[in-house]
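Novice: What TrEMBL shows for this protein is this:
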DOMAIN    27-319  domain 'Gcp-like'
BINDING   115, 119, 313  Fe cation binding site
BINDING   139, 140, 141, 142, 143, 173, 186, 190, 285  substrate binding site
Ligand code: KG4
Ligand code: ZN
């Protein structure tokens, strides 16, 4: 196997994106993403069974397209990589099964890797230069809200905190629903919020009170915020008042972003880490990027945000992480591993 710049194909199926990515070392050759988001729209959230079935249907065409885009043949691969967790069990199983079949039939080594660490791995594919250590990573999507301390991408990742209830993207989706906006809610809240006043309503900032900060300094909670928005809207609807949707959206968005960025910067300060990396679909939010940049600059922290196509779930980040592992001499996984919906972040790759 070429350990200097291995040619790796990555498979990602942990949630509603079927991702096939191909990298050579730190060079991105293909990043094909097929999303089943539209199929979940009428349910207002990702339905695991629907997602799993969609992966089954999307995998093969995505694989064919990725190989064609990269201009390679499967025989040339040095390794196959797959997300084995965390994520939705049924969805993960589709990717794990496909990856095992592919590795076995091609007689190639297989690397089962951690989805969350994969989000961090996406950064090495950018043109901002090598990822420096240590770095704090804030991952925000419809499925996760996690704060990581990354001392080394391939060997030392620590979970500092995560959401104790809803993920940040999930909160956007639920509040959008309350306001009568379509799924996925993030982009719609964002659009509506553009005309609103973020200071119009002071919504609660979850887990930021001194008593919460003792135990949950780096944890997040968005369920109380969602309930507060629901109550605020309900009271006015019942009174027959018109709902100032733009102000509600802007004030809600500000509350989420305030908590996300203040906790991430606090982690940078506490651990003396002058770097912050963002990842996950919520990074599409321009206001999040803006506030993160302002706060990072005033704290003397360098902010890194991969290209958006590498922020949402994708196979390239999985291939990139496996490529880093291979370059570090990591052994491939045995074929005995299974999908692990709660794989801890410390298990960067499964042996
Ligand atoms: O990473 P992603 O594409 O998929 C998974 O969660 O698996 O993230 C999707 C999430 C959704 O919850 C969506 O509402 C949120 O990201 N999102 C946004 C924006 N665009 C997408 N949230 C806030 N602002 C946005 N502009
Ligand atoms: Zn993800």
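Yeah, the Cβs are placed from backbone N, Cα and C, and that goes for glycine too.
TrEMBL annotations: computationally assigned, not manually curated.
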Novice: Rank aside, I only need the closest one: which of the binding-site residues 115, 119, 313 has its C-alpha nearest to that of residue 186 (substrate binding site)?
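Specialist: Nearest in space to residue 186 (substrate binding site), counting only the binding-site residues, is 313.
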Novice: Based on a Cβ-to-ligand 2 distance below 6 Å, what subset of the binding-site residues 139, 141, 186, 285, 313 would you report?
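Specialist: So the answer is 141, 313.
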Novice: Work out how many Å separate residue 313 (Fe cation binding site) and residue 141 (substrate binding site) at their Cα atoms, rounded off.
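Specialist: Rounded to the nearest whole number, the Cα-Cα distance is 9 Å.
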Novice: Go through the binding-site residues 115, 119, 139, 186, 285 and pull out the ones with a Cβ less than 6 angstroms from some atom of ligand 1.
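Specialist: List returned for ligand 1: 186, 285.
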Novice: Given the recorded Fe cation site (115, 119, 313), which additional residues of the same chain have their Cβ within 8 Å of the Cβ centre, ordered by sequence?
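Specialist: Going along the sequence, the neighbours come out as 12, 14, 15, 83, 116, 118, 139, 141, 144, 279, 280, 314, 317, 318.
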Novice: Enter the number of other CB atoms within 10 angstroms of the CB of residue 313 (Fe cation binding site).
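Specialist: Looking across every protein chain shown, the total is 29.
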Novice: Taking just the CA atoms, what is the gap between residue 115 (Fe cation binding site) and residue 139 (substrate binding site) in Å?
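Specialist: Distance between the two Cα atoms comes out at 11 Å.
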Novice: Rounded to a whole angstrom, what is the C-alpha distance between residue 119 (Fe cation binding site) and residue 285 (substrate binding site)?
Specialist: 17
Novice: For residue 141 (substrate binding site), just count the other CB atoms lying within 10 A of its CB, please.
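Specialist: Other Cβ atoms found within 10 Å: 24.
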Novice: With every protein chain in view, how many other Cβ atoms are within 10 Å of the Cβ of residue 285 (substrate binding site)?
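Specialist: Step by step: centre on the Cβ of residue 285 (substrate binding site), count other Cβ atoms within 10 Å, giving 24.
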Novice: Including all protein chains shown, what's the count of other C-beta atoms within 10 A of the C-beta of residue 115 (Fe cation binding site)?
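Specialist: Excluding its own Cβ, residue 115 (Fe cation binding site) sees 25 Cβ atoms within 10 Å.
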Novice: If you measure every Cα to Cα distance among 139, 140, 141, 142, 143, 173, 186, 190, 285, the residues said to bind substrate, what is the biggest one in Å?
Specialist: 19
